[in-house]
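Structure first, commentary second.
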Amino acid sequence: MTRIQLTLEQIAHGGEAIGRHEGKVIFVPFGIPGEQVEIEVAEDHRSYARGRILRVLRPAPERVDPPCPHFGTCGGCHFQHIAYEAQLRLKEAVVRDALRRIGKIEDPPVRPMIPSPDPFGYRNQVQFSVSADGHLGFQAMRSHRVIPITRCWIAHPMLQELYEALEIEGLPLRRLTLRCGVRTGDRMVIFETEGDEPPLLETDLRVSLVLLTQEEKAVPLIGLDYLTEEVDGFRFRISAPSFFQTNTAVAEALVRRVREWADLHGTEAVLDAYGGVGLFAAHLAPFARRVVLIEAHPAAAADALHNLSSFPHVEIRMGTVEEVAPGLEGPFDVVVVDPPRTGCSPEALEALRALRPARWIYVSCDPATLARDARRLIDAGYRLVEVQPFDMFPQTYHIETVSLFVRS
Ligand SMILES: C[S@@+](CC[C@H](N)C(=O)[O-])C[C@H]1O[C@@H](n2cnc3c(N)ncnc32)[C@H](O)[C@@H]1O
């Protein structure tokens, strides 16, 4: 193993610090820009290497003691060793860097990151895997090994209480998900078991128990097969398999920014592509003439239909954006897209562009695919007006952004 001393320069997308040695880029997990460290080279590739910190020779002033004893081995958190204020600055720089490097945007208009009101205890959903010896835990960093966990510091206290109250060891589980509505007090346990066998489990807590089969069918065992969460005064039904934003307080800030940038006056037609259970559509519908929501997942589309049933001018189209958007009758004034981490496919972007929206609001959970799609939108005649990062996932490298594009 080669030992090297180097000064760390920046954080890469993915959360590792970057330094350079003899012209080669070295990725250093758990380093902080500005620090001088001694590392051993753990992986040596042709164009880059990855090191493990042996000693921090000159620590950054932002270095703090991580509160969680699993930090460093658990794959869930990447930044507990960095003071929260500094996490915000570093993530903002990652967004700017991706837009410059991948999007070829010289001076990207990135605003300061909006923090999470709770840097810990914010997650309204946690998913546990099962270790080889049957314990619940999380996957280890850069490995498929499952490490047993007694407490997760980023899970909402409602979920921690639920986790401690459940006696789950010994059940034939494949995966276990805990979800809650932090504003409503609803809690849900979602089991995925070997052979879809419903587990026998009793609890005194007010909680729904749901079995999620391998075909993603939700079977209620106790209580309802959905929970309710409230965002900015609107209540959403969320079924066990449906996506919902992980950090409710930050989702509220996100919704407000989307509403502000949509700039609706009651006369516009809005397309909410990748609409989920209707989070954005519900907050835009009161100010629009027409709203169409596209969602591929049947459970989420059914939730959207239920959640938006009080708006006669909202249509739900179940299917992929690639399938549905080319058949839509426009025009649309505003398109909101919130794709998964992979971003929008070229087919989806092309079909949406053909609707010629004047405003395009792009909600993204991956700066790299945002940057790629931003370049495609700019080449298609849009101007990137502003990018607002939100810290939806404190202590991790994940970053949520909302970007506003306007037709030039
Ligand atoms: C990041 S979530 C956003 C959901 C919603 N906008 C929200 O904030 O709650 C992405 C959603 O897109 C859906 N989805 C994924 N690929 C899709 C596609 N090609 N076409 C339509 N929907 C898709 C997923 O089922 C998921 O509900």
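If you go along the chain as it appears here, the first residue is 1 and each next one adds 1.
Positions of Cβ are set from backbone N, Cα and C atoms, glycine also.
Sequence annotations record features per position, and here TrEMBL assigns domain 'TRAM' to 1-55.
Sequence annotations record features per position, and here TrEMBL assigns S-adenosyl-L-methionine binding site to Gln245, Tyr274, Glu295, Asp338. When other Cβ atoms within 10 Å of the Cβ of Asp338 (S-adenosyl-L-methionine binding site) are tallied across all protein chains shown, the result is 23. A coil conformation is recorded for Asp338 (S-adenosyl-L-methionine binding site) in the three-state DSSP classification, outside any helix or strand.
If you look up TrEMBL, you'll see Cys365 marked as active site, nucleophile. Proximity of Cys365 (active site, nucleophile) to non-local residues of its own chain (separation of 6 or more, Cβ distance below 8 Å) is seen for Pro340, Arg341, Met392, His398, Ile399, Glu400, given in sequence order.
In sequence order, Ile294, Glu295, Ala296, Val321, Val337, Asp338, Pro339, Pro340 constitute the residues six or more apart from Tyr274 (S-adenosyl-L-methionine binding site) in its chain with CB-CB distances below 8 Å.
The Cβ of Gln245 (S-adenosyl-L-methionine binding site) lies under 8 Å from the Cβ of Val231, Ala251, Leu254, Leu279, Met392, each of which sits 6+ residues away along the same chain. Taking the centroid of the Cβ atoms of Gln245, Tyr274, Glu295, Asp338 as the S-adenosyl-L-methionine site, the other same-chain residues with Cβ within 8 Å of it are Phe243, Asp272, Gly275, Gly276, Leu279, Phe280, Pro339, Val363.
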